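*Asks:* Not my notes, these are from Swiss-Prot:
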type: SIGNAL; residues: 1-24; note: signal peptide
type: CARBOHYD; residues: ASN40; note: N-linked glycosylation site
type: CARBOHYD; residues: ASN146; note: N-linked glycosylation site
type: CARBOHYD; residues: ASN217; note: N-linked glycosylation site
type: CARBOHYD; residues: ASN280; note: N-linked glycosylation site
type: CARBOHYD; residues: ASN381; note: N-linked glycosylation site
type: TRANSMEM; residues: 406-426; note: transmembrane segment
type: DOMAIN; residues: 485-758; note: domain 'Protein kinase'
type: BINDING; residues: ILE491, GLY492, VAL493, GLY494, GLY495, PHE496, GLY497, LYS498, VAL499, LYS513; note: ATP binding site
type: ACT_SITE; residues: ASP609; note: active site, proton acceptor
Amino acid sequence: MGIEKFETFILISTISILLCICHGFTPVDNYLINCGSPTNGTLMGRIFLSDKLSSKLLTSSKEILASVGGNSGSDIYHTARVFTEVSSYKFSVTRGRHWVRLYFNPFDYQNFKMGSAKFAVSSQSHVLLSDFTVTSSKVVKEYSLNVTTNDLVLTFTPSSGSFAFVNAIEVISIPDTLITGSPRFVGNPAQFPDMSMQGLETIHRVNMGGPLVASNNDTLTRTWVPDSEFLLEKNLAKSMSKFSTVNFVPGYATEDSAPRTVYGSCTEMNSADNPNSIFNVTWEFDVDPGFQYYFRFHFCDIVSLSLNQLYFNLYVDSMVAATDIDLSTLVDNTLAGAYSMDFVTQTPKGSNKVRVSIGPSTVHTDYPNAIVNGLEIMKMNNSKGQLSTGTFVPGSSSSSKSNLGLIVGSAIGSLLAVVFLGSCFVLYKKRKRGQDGHSKTWMPFSINGTSMGSKYSNGTTLTSITTNANYRIPFAAVKDATNNFDESRNIGVGGFGKVYKGELNDGTKVAVKRGNPKSQQGLAEFRTEIEMLSQFRHRHLVSLIGYCDENNEMILIYEYMENGTVKSHLYGSGLPSLTWKQRLEICIGAARGLHYLHTGDSKPVIHRDVKSANILLDENFMAKVADFGLSKTGPELDQTHVSTAVKGSFGYLDPEYFRRQQLTDKSDVYSFGVVLFEVLCARPVIDPTLPREMVNLAEWAMKWQKKGQLDQIIDQSLRGNIRPDSLRKFAETGEKCLADYGVDRPSMGDVLWNLEYALQLQEAVIDGEPEDNSTNMIGELPPQINNFSQGDTSVNVPGTAGRFEESSIDDLSGVSMSKVFSQLVKSEGR
């Protein structure tokens, strides 16, 4: 390829990327290939590069370029590349989620009748198409794949006696946060499928109550079709739109989730003629039988005039998905806040239809109505990695000759690719010299009155930061530690930005949190984190190694925590269940860290965002409290509280703080109480997909605790492994933490004492009973856990000289425990 052609290739690629930047999200990888064409093509304003310019990506033994005349439709459909043997495209990509879109238009070219072609398409880990034949005029297949290597290979395999073809290909990065978490399984509420590695095929993407949304009006180049063709009994529904009222609340749905055009329109019940009528609005969609499907519902209450006015139910295939949905409450008491809900369902055997319905709440009937704004239905790969039924097996081919041709072609193609990519790299470095490290900008700020934009000495390295009082680290050293922010080292995404695993020059592992300019967290949180963590050192607080603000970056470097968050070990990640002893020790460690924050200085420090995701575990599962971006210095000695705007995480937020905007250390105690029940029950603290009485974990757990039947809702993996007196003490501690008023809650010191005691009760040998007697375990108890034996409940506490009566502990729980605490708990922990 000549230099002039290569420069044209770079220019066109840059223009395509800039078009996406203008829309919002910036894809790292952005391949748009006009297959079989000697010239570039366009689709909805986006430029698809000529197949000639991108031919180095292709490994194929034969070159057959097909074309057809005509001016109808986009020119990318007028050419195609034909494969008579196994052929593949190899794309160099960053790891993470990508769109893969394949365009097909079956025209006739010489002896090739595209409508009769039969073939398979596969990636390294998924079969995308099998025994595929294009029967309609134009077909677009869209997939969402999580690429875990540095290359994505798309292989086209003709069926025996046939051929394969493709008109155009897209491979585009999408935000890793777009498909995350563990959606609830409709019909099996205890099941939470892990979506992180799922391959998905888009089956339907619908704009409810609104017009067609073309790809050039979507930040992620998606197309949304109107819902009219899927709607049953159209007279029961009506459409409305109100685009200006849509609110994108930080922490919830964004314009990358769905465009404003989708959230600003909806289909609702047509109940104006009879407001007392109760019925459902239903849509029906075609699906392939035998697969599980991922449903993403988009909601925005643009119909209500006030908060808490709209309550409705959601159904998938006649099964209840969610009841009494109150959108304004789900989005931080915001009217018209954009919100999405995810579900998974299994289609019935032999059924190729799925129905979705909305209907009014049967509890809140003042304003009977129901709405939905958008819906995405995606097919999930089966256990074999297949997204298509058929006989194709990856790695097979029609003949040994095809295999030999593929091997030889791959070898030659790989050699040429190395030369090509080497040339690209040299020219790219020349063009970009002097611009390395540039990022989107923030306004600089200062700490202690001095600018954070000063120059760094050339000798400063990450390994010397422990002796550098100001904790600053040069950007070059951060890049070196993370291999230039290699996406393969990305270990998570939080409210502040991405987190990378790094390694210092001495081999010490670190976690590098790089701020995202689009994040709802910014300068204030960055500064608070530095100020707080540079003051404190405690074995149960995550240590700050340093920070970097060079080139207007906002980067925080912490000690690396090998086992991640407590939340990830409770639900949604598929990790092994924690034992009861491990959970107690984790809670004790976190309580020690919070107790130190509250008492370790002349003025307490209130964390303000205590939750399971902010408690990290090292290689020995020792807990450390993390994420101090929202922390606040507590009140002076002569004050009872700090008046401040409400911040925190929904589900963990102290209701008294929320009502009065008065922050105290007891707000942390409330949040920690929620964590205690989360650790015990192993479920999300807020789950809107559950029945209304179960949505809020704190309320649900307290209901069962007051009935004396908390053991009925604990994590199933704990049954038969908890002593009833240990559970009782743990539950009573959590109950006291969740008192309505802060004055009625214990201090963190008292919480810590009680948790230590719960651990001792679990480990102690009950007098007169062998230690391995299973009748002491919760799994053997009747429902009323408070009715266990009321005999001698005193225990010998290992490592102490005296005996402690359980009743005496109960009597002391509401008062200061400082004297007793000092005898049982060492300041450095265990």
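Glycine residues also receive a Cβ, built from the backbone N, Cα and C atoms like all the rest.
Can you tell me where each of these features sits in this structure?
*Replies:* Around the Cβ of ASN40 (N-linked glycosylation site), a 10 Å sphere holds 20 further Cβ atoms from the protein chains shown.
A sphere of 10 angstroms centred on the C-beta of ASN146 (N-linked glycosylation site) encloses 18 other C-beta atoms. When secondary structure is read from DSSP and collapsed to three states, ASN146 (N-linked glycosylation site) falls in the strand class.
The Cβ neighbour count for ASN217 (N-linked glycosylation site), using a 10 Å radius over every protein chain in view, is 17.
Mapped onto three states, the DSSP output places ASN280 (N-linked glycosylation site) in coil.
If you take the C-beta of ASN381 (N-linked glycosylation site) and look for same-chain residues 6 or more apart in sequence within under 8 angstroms, you find HIS126, GLN198, GLY199, LEU200, LEU387.
Looking just at the domain 'Protein kinase' (485-758), the mean pLDDT is 86.
DSSP classifies GLY497 (ATP binding site) as strand under the three-state reduction.
Other Cβ atoms within 10 Å of the Cβ of ASP609 (active site, proton acceptor), summed over all protein chains shown, number 23. DSSP gives ASP609 (active site, proton acceptor) a coil state; it is part of no helix or strand.
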*Asks:* From the Cα of GLY497 (ATP binding site) across to the Cα of ASN280 (N-linked glycosylation site), what is the distance in angstrom?
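*Replies:* Roughly 41 Å, rounded to the nearest whole number.
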*Asks:* Taking the Cβ of GLY497 (ATP binding site) as the centre, count every other Cβ atom within 10 Å, in any protein chain shown.
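*Replies:* A 10 Å sphere around the Cβ of GLY497 (ATP binding site) contains 19 other Cβ atoms.
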*Asks:* According to DSSP, does ASN40 (N-linked glycosylation site) sit in a helix, a strand, or coil?
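*Replies:* It is coil.
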*Asks:* So which of the binding-site residues is most packed in, judged by how many other Cβ atoms lie within 10 Å of its Cβ, out of ILE491, VAL493, VAL499?
*Replies:* VAL499
*Asks:* Translate the DSSP assignment of ILE491 (ATP binding site) into the three-state scheme.
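*Replies:* Its secondary structure by DSSP: strand.
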*Asks:* Can you count the other CB atoms that lie within 10 A of the CB of ASN280 (N-linked glycosylation site)?
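*Replies:* Excluding its own Cβ, the number within 10 Å is 20.
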